[in-house]
Amino acid sequence: MTIPNTIPITPELIASHGLKPDEYQRILDLIGREPTFTELGIFSAMWNEHCSYKSSKKWLRTLPTKGPRVIQGPGENAGVVDIDDGDCVVFKMESHNHPSYIEPYQGAATGVGGILRDVFTMGARPIAAMNALRFGEPDHPKTRHLVSGVVSGVGGYGNSFGVPTVGGEVEFDARYNGNILVNAFAAGIAKSNAIFLSEAKGVGLPVVYLGAKTGRDGVGGATMASAEFDESIEEKRPTVQVGDPFTEKCLLEACLELMQTGAVIAIQDMGAAGLTCSAVEMGAKGDLGILLELDKVPVREERMTAYEMMLSESQERMLMVLQPEKEEEAKAIFVKWGLDFAIVGWTTDDLRFRVMHQGEEVANLPIKDLGDQAPEYDRPWRESGKRAPLPANLVAAPEDYGQALLQLVGSANQSSRRWVYEQYDTLIQGNSLQLPGGDAGVVRVDGHPSKALAFSSDVTPRYVEADPFEGGKQAVAECWRNITATGAEPLAATDNLNFGNPEKPEIMGQFVEAVKGIGEACRALDFPIVSGNVSLYNETNGVAILPTPTIAGVGLLPDWSKMARIGSANDGDKVIMIGVDGSHLGQSVYLRDVLSSSEGPAPEVDLFAERRNGDFVRSVIRNGQATACHDISSGGLAVALAEMAMASGKGLTIDLSEGKGEPHALLFGEDQARYVLTLPADVADFVCVNAEGGGVPFRRLGTVGGTALVVGDLISLPIQQLRDAHESWFPDFMEGRGELAAAE
């Protein structure tokens, strides 16, 4: 077999494709010859970290992925979970970190576009989006530009496409100065018996290209996303894709219409590594070969090479295996929606991935070795050292508790995110019941009288850095807790694991321990991982990001009329804390923002207590007994109470005199498995008796009423003063009002 090879394959070319010398040797051994330039590009795309998960696969296999409601776990475009009545929720989260740092608007926009395609490729109509964003320190010269671009990109794409953004996170830390994180989540609803998968079945079937035309944008994007950054970062701008949400909306409608005709055998969106990855995955999963004819690919640029067509990451494109007799019907649907429809290949029985271009064979490779048999590493890893305990009596108490609380609610990381989410359409589709700013976003299930879904995304990177195992557990527990705080039953989760360079044993150790913690928490809480994404090499000039294993979860509310909000308390309600008194100040935001310290261990997560306390809180909400509920997380009890008071516009009078421990630990400690409930006075005693009977720790805190948050003689702050501090930081920062705002 002779394949013309016009570009010499040099060690420099191999290295620039992200392939190590031993990986290139493996290619030579596999195919018995030197690869063509196109084949080198194909191997580079399929064997990079972004597509093959070669450093993480071993550990991802340890995660719990099955459960009574799980219809489809990891391995497809998105996870699928049963929500009763013949419906299912389809969801996934994935990163677009590297592109968003280089070109923030398009990087973030195409991150949203890619995750929406993952959902509707499965046959689901998207109903909700979230995004978890991490930026560098506020006074870094690039941060404001990146925040502005990313938020505009997320909003520009999601709003135009027509999906409500119902939640997310925005955090700042110097460790993200050279490597921001954009983790995009989407969920959709489908019929449980009409899920579409990517596994091709049958020989001699047409492989069809759908959607927008192919250009040169994003060539090599997946390879870039598997590398560390250095000073040459600006040169990587051409590897960022450009998105068009209106084309994507047409693609959604055309795909869902086509799926109803019975024409679709397999379907895969073109994401990372474009045509290469989608074709290889469809063939390899179905134990079939694929023959592609690139001359039939719709292009929007002239003289595109086979290499460029195979690796382009142009957006809004799909690949499908079709029932041959339905070809004309399918084509008519796509033409109606103004989209390209082209038969670009066939399935074969030879397990080869063959690519033809201008009459020449430019690639002929073993498809299984590109796909599910790509290299896999068991990288050396080192356990993180344990931090010494930090008793509360060794941590300075604030001179003025009220000032300390104002400082926290008005800080870069605890202040209101209204500036961000008001740029997103949170209400489109008309089903949003809870908007950003609470514990979880809640969306009605269209067509059902009482059913709704709750969504949350969580991780506390400073905890993961201090103790990756406990930090991994805590990310899962907080997500589960936020969903529970609405009254929803947490069903399943998706993970987006963002770490530095896995070739460094200490970074690989963070990853391994965090995955172990995530797995333990998911098992204890019956919260399986059904989809996800790993983003490694998040380093610039050798400085790694904080380890950030984001967990996004979905919960089911059978009757949304009984759900809890954080701001729905009534005057005269009693305030009760479920869980233990605050005692843990290690890694707390009080320590970080008030005392400028990062000492101590992360809080331990008692998963038995999480389960017991959460199940109790959920039952109280579902019985219609709670008027409001909020989980206690960063900032401890004081910040949770302040957020509830600001959300409801009603004051709280709190008495901590029976609390055991130091006052600053009671108020700012970040112990886990805790909630604040407000209950009508005549119900509160009954709930407390039930808690006692169930072995659930609780503390009566006080009463709702007035216009101030009053905690004994320690804090007395008018709600308006809290709101002024809470709401002003973000707009002041973005408008550059007094650079002091950025340096807080």
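Cβ atoms are placed via backbone N, Cα and C, with glycine included.
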Annotated companion of Tyr53, Lys92, Gly532 at the ATP site, Swiss-Prot, chosen from Asp22, Asp495, Asp559, Asp571: Asp495
Pick from Ser531, Ser535, Ser561: which one does Swiss-Prot list with Ser95, His96, Asn97, His98, Arg117, Gln241, Glu313, Ser314, Gln315 for the same substrate site? Ser535
Three states by DSSP: which one describes Arg117 (substrate binding site)? helix
To the nearest whole angstrom, what is the C-alpha distance linking Asn97 (substrate binding site) and Asp495 (ATP binding site)? 15
What remains of the recorded positions His96, Arg117, Gln315 once a 10 Å Cα-Cα cut-off to Tyr53 (ATP binding site) is applied is none
CB contacts under 8 angstroms to Arg117 (substrate binding site), restricted to the same chain and 6+ apart in sequence, sorted by sequence, are Asn77, Glu248, Leu251, Asp269, Gly271, Glu316, Met318
Do you see any of the recorded positions Glu94, His96, Asp118 whose C-alpha is within 10 Å of Asp495 (ATP binding site), and which ones? Glu94
Give me the Cα-Cα distance between Asp118 (Mg(2+) 2 binding site) and Ser95 (substrate binding site), rounded to a whole Å. 13
Among the binding-site residues Glu94, Asp269, Glu313, the one whose Cβ has the most other Cβ atoms within 10 Å is Glu313
For Gln315 (substrate binding site) and Glu94 (Mg(2+) 1 binding site), what Cα-Cα distance in Å is obtained after rounding to a whole number? 16
What whole-number distance in angstrom separates the two most remote CA atoms of the substrate-binding residues Ser95, His96, Asn97, His98, Arg117, Gln241, Glu313, Ser314, Gln315, Ser535? 21
